[in-house]
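Now, the feature entries from TrEMBL:
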type	residues	note
TRANSMEM	48-67	transmembrane segment
TRANSMEM	138-159	transmembrane segment
TRANSMEM	179-201	transmembrane segment
TRANSMEM	208-225	transmembrane segment
TRANSMEM	231-248	transmembrane segment
TRANSMEM	260-279	transmembrane segment
TRANSMEM	352-372	transmembrane segment
TRANSMEM	379-396	transmembrane segment
TRANSMEM	402-421	transmembrane segment
TRANSMEM	433-454	transmembrane segment
REGION	555-579	region 'Disordered'
COMPBIAS	558-568	compositional bias 'Basic and acidic residues'
COMPBIAS	569-579	compositional bias 'Polar residues'
Amino acid sequence: MKTTLILLTCYVLAALLLLTRVVPNRFVRFKILNRFRRVFQTFSSPVTSVITVFLLSFLLSACISSFKKPIPRIHDEFSYLLAADTISQGRLTNPTHPFWKHFESFHIIHQPTYASKYPVGQGLFLALGQVLTGRPIVGAWLSVALACAAICWMLHAWVPPRWAFAGGLLSALHPIILLWGQNYWGGAVAMLGGALLFGALRRLIKHPHSGTALILGTGILILSVSRPFEGFLAAVSAAVILVIWMIKQTEFSKMVLVRFVLFPLGFTSLCIVGIIAFYNDQVTGSIFRFPYQVHEETYSQTPLFLWGTPRDANVANPHLRKFQSEWSYEMYQRQQELSGYWDTVSIKISRLLGNLIVFPLGVFLLIIPWIVKERWGCIAVTIVLLISFIDLFGATFFQPHYLAPVIPLVFFILIQGARQWRVAWWQDRNQGPVLVFGLGLIFVAMSFTKIWLFTSTPELPAQYPIALQRSELIEQLKQNQKKDLVFVKYSDDHDPHFEWIYNRANIDDAEVVWAHVLDEESNKKLREYFSDRQVWIINADDKQVKLKPFLQNSLDTKSSETRPKDSESSTFETTHNQR
C-alpha cells in the first residue's frame with residue numbers, strides 16, 4: 001500500500017511538472033489560478049478566515065470519527081481520560097481508594113491522591129466534551145479546531161491575509177493534526193497555546209495593547225498546563241524577543257510599555273503561578289510538587305533527559321515494574337552508547353519529519369536559505385531548530401506532539417517557503433504560481449489518502465484491535481443488571497504496552513471495575529468490598545481472551561487451552577488473537 005502511494009505521488013508530480021511545460025501559461029494563470037485567487041480573497045478577512053478554518057477542522061474531525069470510532073489504546077490516553085472524568089465531576093483529584101494497589105496503572109498516581117500525572121490542559125478539553133455531549137472525544141475535536149483557527153489568526157500578523165488563510169487551511173487539512181482529533185493524548189492544546197503566544201507577540205511589537213498582552217499571557221498559561229517544558233522554552237524565546245525589542249525601540253514611551261505590556265504580562269504571570277500552585281496543592285499536597293514529579297519518583301527509574309541519573313524505583317506491581325525496568329530503562333540505556341544514541345536520534349528525526357513534513361510540504365523547506373534572509377523568518381527557524389534540537393538530541397523519549405508549541409511557527413515557515421516558490425522563474429517564465437497550486441493539490445490528495453488508510457485499516461493505529469475488544473467488553477457488561485468487577489491476570493511475559501486495567505475517577509460508582517490479581521487474601525477482601533458486584537476474571541495472555549466467572553482455582557489457569565465448564569461460561573464472551 002505504501003509503495004503504491006509513493007508511486008502514485010511520483011506520477012502526479014511528474015504530471016504537474018509536465019503541465020507547467022505543456023499548458024499555456026496564460027490559460028493556467030487566467031483561467032484557473034485567478035479564479036482560485038478570487039475565491040481565496042473572499043474568505044481571507046481575519047474574522048471570516050478564522051471562522052472558516054475552525055468549522056472546517058471541527059467538521060473533518062467529526063466526519064473521521066463517524067467512520068472509525070476513537071477508542072483509547074495508549075497508556076497516556078487513559079490517564080488523560082481519568083483527568084477528564086475527574087474534572088467533569090467538579091474535582092481536581094480523587095481520594096485514594098482503600099484497595100488502590102489493585103488499581104495501579106500507567107501514568108497515574110494513587111498517593112497522596114488518585115489522579116493523572118499529566119498537566120491538566122488536555123483533561124480540561126476532554127472534560128468539556130464529556131460534560132457537553134457525554135463524549136470526551138468532542139473536546140479533542142474542539143481543541144484541534146481552536147488550534148487551527150488560532151494558527152490562522154497568528155499568521156494574519158505574520159503574512160498577508162490570503163496566505164494566512166492558506167496556512168490555516170494547511171493546518172486544518174494536515175493528517176497528523178487531524179489524527180490528534182482522533183485520540184485522547186492530544187497535542188492540539190499546546191499548539192493552541194503556541195499560536196496565541198506567537199500571534200500576540202507580533203501584534204504586541206507592532207502596536208502595544210493590554211488586550212494583546214493578555215492574549216500572550218493566555219497562550220503561556222495554556223502552554224504551562226499542556227506541555228510545560230517545551231512551552232517554557234517557547235515562552236522564554238518570546239520573552240527574549242520582546243525584551244530586545246523594548247530595549248531597541250524608540251517609537252513608544254516607557255510609560256506606554258509599562259502600562260500596555262509589562263503590567264498585563266506581570267498580572268498573567270501571577271495568575272499562572274497561582275493556578276499551578278493551587279492545582280499542585282490539591283493533587284500532591286504541596287504547591288512545589290507536580291503530579292508528574294510524584295509519579296516519576298514513585299514508579300520510574302528512567303531519567304527524562306539523557307544527562308540525568310537513573311533512580312531506584314521500588315515498584316511492587318510486577319506488571320508496572322516490567323515496563324519501567326525493561327522497556328523504559330532499556331530505551332535510556334541504549335542511548336548511553338554512541339551507536340545506540342545515533343540510531344535512536346535518527347528514528348526520532350524520521351518520526352518527526354515523516355509525520356509533520358508530509359509530502360509535498362518538504363519542497364517548501366528546500367528554500368529555507370531564502371526564508372532566513374528575512375528577519376522574522378530567521379527568528380522562526382531559529383526557535384524551531386533550538387527546541388527541536390533539545391527534544392531530539394537530549395530527551396530520552398520523543399513523540400511529534402512534544403513539539404506542538406512551535407508547530408505554528410512550522411506552518412509559518414512552510415507558508416514563507418510557498419511564497420518564495422510562487423515568485424520563482426524558470427526559463428523566463430513565472431511558473432511559481434502553477435507549482436505552488438499543484439503542490440497544494442497534491443498535499444490535499446495525500447492528506448485525504450492518509451486519512452482513508454487510517455479509517456479503512458482495522459490494524460491502524462497500533463493496538464487498536466485489543467482496545468476495541470476492551471471497549472466492546474465494557475459495553476456488553478453494562479447490559480448486565482448488576483455492576484461488575486473484573487480481575488485481570490497477566491503472565492510473566494505479558495507485553496506491558498497492552499494494558500487492561502483503567503478505571504473511572506469514582507471507582508466505587510463505576511459500572512465496571514478492573515483490578516489486578518494480587519495475593520489470595522487481597523483478592524478476597526476486594527471481592528468482599530464489592531460484594532454487590534458480579535465478579536469475573538480474564539487472562540490477558542490467552543490466545544482467546546475470555547470473560548469467566550471468578551473462582552479461586554481460576555487463578556491457577558496456566559494455559560490458553562484451558563476452558564471453564566459449560567455451566568461456568570460467561571454469556572458475555574468475546575475473543576481476539578493476541579499479536
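Backbone N, Cα and C define each Cβ position, glycine as well.
Curation plays no part in TrEMBL annotations; they are all automatic predictions.
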Subject >> Stretch of maximal Cβ-Cβ contact with the transmembrane segment (402-421) [cut-off: under 8 Å; candidates 48-67, 138-159, 352-372, 379-396, 433-454] >> reply: 352-372
Subject >> Whether the transmembrane segment (352-372) meets the transmembrane segment (433-454): three or more C-beta pairs under 8 angstroms >> reply: yes
**OP:** May I ask you to check whether the transmembrane segment (260-279) and the transmembrane segment (208-225) make contact, with contact taken as at least three Cβ pairs under 8 Å and only pairs 6 or more apart in sequence counted?
**Re:** yes
Original post:
Cβ under 8 Å to the transmembrane segment (48-67), counting only same-chain residues 6 or more beyond its ends: which ones?
Top reply: 42, 137, 140-142, 144-146, 148-149, 151-153, 156, 161, 164-165, 168-169, 171-173, 177-178, 181-182, 451, 454-455
